[in-house]
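Only one structure is covered here, and it is reproduced in the block below.
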Amino acid sequence: MAKLVCVAHYEEKCKGIISKPALDYYRVGSGEEETLKRNKEAFKKLRIRPRVLRNVENIDMSVNIFGHKLEWPVGISPSAMQKMAHPEGEVASARAAGKAGSLFILSSASTTSLEEVAEKAPDTYKWFHLYIFKDRNITENLVRRAEKAGYKALVLTVDQPVFGLRRIETFELPAHLNLANFANITKDGKDLSDTSSGLAQYTADMFDATMTWKDIEWFTKFTKLPVILKGILTKEDAILALNHGCKGIIVSNHGGRQFDGVPSSIEVLPEIVDAVGKEMLVTFDSGVYLGVDAFKALALGAKMVFLGRAVLWGLGVDGQKGVEDVLSIIRNELSVSMALAGSSKIDEIRKDMVVHENYFSKL
């Protein structure tokens, strides 16, 4: 087998390994997929202004997140139903993140229970992702279980009041898999792990489209864990998140899967950082496939960058080792980018190192 040296190689290799329905589910964007495309294109329009004659012999990528030291500022976003990519599923991804000295966010829509992931990846720094459901008892159940299992923060997705228009996706979870966190979750023991009605209908049945900022205030008071809102694309909502007790946000357009026509995450990152970056943790996802992408996001103010599909391609190709390899590739690319840009530490990656291509139009 030819050596796989970049995320694109893993994506191509994965096409011949995992099932087409799984591949379509992971790959698809919403609508005409313009936002999905824009996520990558926007990174390409950013130029790096490197500084030279800096001592970059030793590159230190370590960061401190909520008092926890990580070896580098790239982690794994919450991605649903990872056992479709590989039988090891979420456990493999969590272990790979731990081995890489990074952060893993477990999706509530996982095919492995949050307890099993915690048990089998005990040394990994983990956050738990969820939604506010129509039945608040389900939300409470998940939060208390995550607290008990040792997850260190809660990530609340807020950009999915309804299911996005994904035209290509004709998806049903394979019969041997289920949403493990929702088995027998209600007070009367009802099993909500079955998605055979289709994801759009499941979302309509479970998710609360009436949710407002009052619910966010309730949620932040409901737990002692830091709350991070995922799906923020405007400075106005970032400020509201801060004012309603959130400790962080993930600037994200759901990987282009929810609302076609919104900007890329990297386009909106600077204004959000300017608005709240000094007062709360601003992190980033959507469109990161290269270490240099991560560098650009860090330069524009993100304190942590998350990978989504890139991890799934590694998982599909070779389970935990595949995820480890993808993380290693991104880590090396980021290290080289830092050295060539003249930054030996993360806090030496400065905003003035990255400009839009129009910066040079005066030439």
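The backbone N, Cα and C atoms fix where each Cβ goes, glycine too.
Residues Pro78, Ser79, Ala80, Ser107, Thr157, Ser252, Gly308, Arg309 are recorded by TrEMBL as FMN binders, and the candidate that the same record lists for that site, out of Lys134, Lys224, Lys230, Lys278, is Lys230. In the three-state DSSP assignment, the secondary structure recorded for Thr157 (FMN binding site) is strand.
The number of other CB atoms found within 10 A of the CB of Arg257 (glyoxylate binding site), across every protein chain shown, is 26. Counting only the Cα atoms, the space from Pro78 (FMN binding site) to Arg257 (glyoxylate binding site) is about 13 angstrom.
Here the candidates are the binding-site residues Ala80, Thr157, Arg309, and by Cα distance the one nearest Tyr131 (glyoxylate binding site) turns out to be Thr157.
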